[in-house]
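Peer 1: Annotations for this protein, taken from TrEMBL, read as follows:
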- 54-75: transmembrane segment (TRANSMEM)
- 81-102: transmembrane segment (TRANSMEM)
- 114-131: transmembrane segment (TRANSMEM)
- 143-159: transmembrane segment (TRANSMEM)
- 166-185: transmembrane segment (TRANSMEM)
- 205-223: transmembrane segment (TRANSMEM)
- 235-258: transmembrane segment (TRANSMEM)
- 264-283: transmembrane segment (TRANSMEM)
- 288-304: transmembrane segment (TRANSMEM)
- 310-327: transmembrane segment (TRANSMEM)
Amino acid sequence: MIDRDDLRAATGAGIISEAQAATLAALADSRRGARTDLAEGDEPFELFKGFNEVFIVVGLVILAFGWVGVAALFVDLGQRSQGAVLGIVTGLIAWLLSEYFVRRRRMVAPAMTLAVMFALTALGTFAVWFAQPFMVAQQDYSSLPWPAIAATAAVLVYWARFRVPFALAIVAIGLFIAAILLAATARGTPATFVELFRLSADGPFAWITLVLGVAVFAVAMWFDMSDPHRVTRRAANGFWLHVVAAPALVNTVALSLLDRNSGTANLILLVVLLGFAIVAIVIDRRSFLIAAIGYIVVLSATVFDGDGAAIPVLLLGVGLLILGAFWQRIRSALLRPLAGVLPLHRLPPADI
C-alpha cells in the first residue's frame with residue numbers, strides 16, 4: 001500500500017507534482033472513509049509540508065519588505081490616490097502569487113503567509129482611502145470601522161477563491177475588530193484591553209466578544225460536523241475558527257469571574273473550565289482545553305497562596321499528559337452515556 005511517505009518521495013523525485021500528491025492523498029482518505037492515516041487520538045494539523053515551504057515563506061517576507069522599501073522611494077503615502085494605487089498593485093501581486101503557490105502548488109505555509117499579506121494590504125489600502133488621521137488623533141474613531149469591514153470582506157473573497165482555512169480565522173478576527181470599532185464609535189473606547197472581556201466593565205465590548213465567540217464557534221461546528229472524519233479542508237476551516245472562538249469565550253467568562261475575587265466565583269470558574277474541557281473532548285478539539293489551561297494556573301495561584309500553588313500546577317501537568325496519552329479512551333468513555341443525546345455520526349469516530 002502506498003502511504004504518505006511514498007507520495008513525498010515521489011514528489012521529491014519529480015515523478016508527480018505536489019498538487020497531484022495532495023489530490024492522491026485526499027482521494028485515499030475519502031475512500032477509506034476514516035482517519036486511518038492518523039495516529040490514535042491524533043488531530044489533523046499542518047503548518048507546512050516540508051522545509052521548502054519554509055524557504056518560500058522566508059522569500060515572501062523578504063520580498064514584502066523589499067517591495068515596501070522600494071515603494072517608499074517613489075510613492076507619497078500622504079497622497080490618498082498614490083497610497084490607494086500602491087495598495088491595489090500590492091494586493092494584485094499577492095493574489096497572483098496565491099494563484100501559483102496556493103491553487104497550483106497547494107502549499108500550506110505560503111498560503112497562510114499570503115493570506116496575512118493580502119489582509120494587511122487590504123486593511124492598509126482601505127485605511128488610506130477612508131480613515132481620517134486627524135479625527136483619530138482627536139479620539140474620534142468613526143472613520144475606522146469601514147476600513148475594517150471592507151478589509152474583512154476582501155479577505156472573505158480571498159478565502160472564497162483560494163479556500164485557505166487560515167483566512168477564515170482572519171475573517172473572524174476582522175469581524176471582532178470591526179464590531180469593537182463600531183462600539184467604540186458609539187460608546188467610547190475601553191479603558192484597558194482587559195475590558196474587552198470583562199462583562200462587569202462599562203460598555204458593550206465584552207458582550208460583543210461573547211456573542212461573536214458563540215457565533216464563530218457555531219460556524220466552526222458546522223464545518224466540523226460536515227466532515228467528521230477530518231479529511232477535507234472543511235475540518236481545517238473548523239480548526240482555525242475554533243482557535244479564534246475558544247479564547248473569546250474562555251477569556252470573557254474567566255476574566256469576568258476572576259474579577260469578582262470571591263470563593264464562589266472561583267468555584268463557578270472551575271466548573272466552567274471543566275465544562276470547556278468536556279466540550280473539547282466531545283468535539284475532539286484541543287483548542288478549548290489549551291485556552292483554559294492558563295486560567296486554571298491563575299486560579300490555582302489565587303486559591304493556593306505562595307508555594308501551595310505548585311502542587312495544583314504539578315497535578316495539572318500530570319493530568320494533561322494522561323489526557324494526551326489516553327485521549328481516545330477518555331473520549332470514548334465520555335461519549336458512551338451521551339450516545340442517545342448527541343448526533344455521534346456527525347462527530348469524529350470513537351470506539352463506544
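Yeah, the Cβs are placed from backbone N, Cα and C, and that goes for glycine too.
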Peer 1: Cβ under 8 Å, sequence separation of at least 6 from the ends of the transmembrane segment (205-223): give me the contacting residues as numbers and ranges.
Peer 2: 172, 175-176, 179-180, 183, 190, 195-199, 234-235, 237-239, 241-242, 244-246, 248-249, 251-253, 256, 283
Peer 1: For the transmembrane segment (81-102), could you work out the same-chain residues 6 or more beyond its ends whose Cβ comes under 8 Å from its Cβ atoms?
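Peer 2: Sequence-remote neighbours of the transmembrane segment (81-102) are 56, 60, 67, 71, 75, 110-111, 114-115, 117-118, 121-122, 124-126, 128-129, 154, 158, 161-162, 164.
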Peer 1: Could you tell me what the rest of the chain brings near the transmembrane segment (54-75), counting residues at least six beyond its ends with Cβ under 8 Å?
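Peer 2: The answer is 48, 82-83, 85-86, 90, 93, 97, 101, 107, 109-110, 113-114, 117.
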Peer 1: Using a Cβ cut-off of under 8 Å, list the residues of the same chain at least 6 residues beyond the transmembrane segment (166-185) that approach it.
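Peer 2: Here the qualifying positions are 111-112, 115-116, 119, 141-142, 144-145, 148-149, 151-152, 155-156, 158-159, 196, 203-205, 208-209, 212, 216, 237, 240-241, 243-245, 248.
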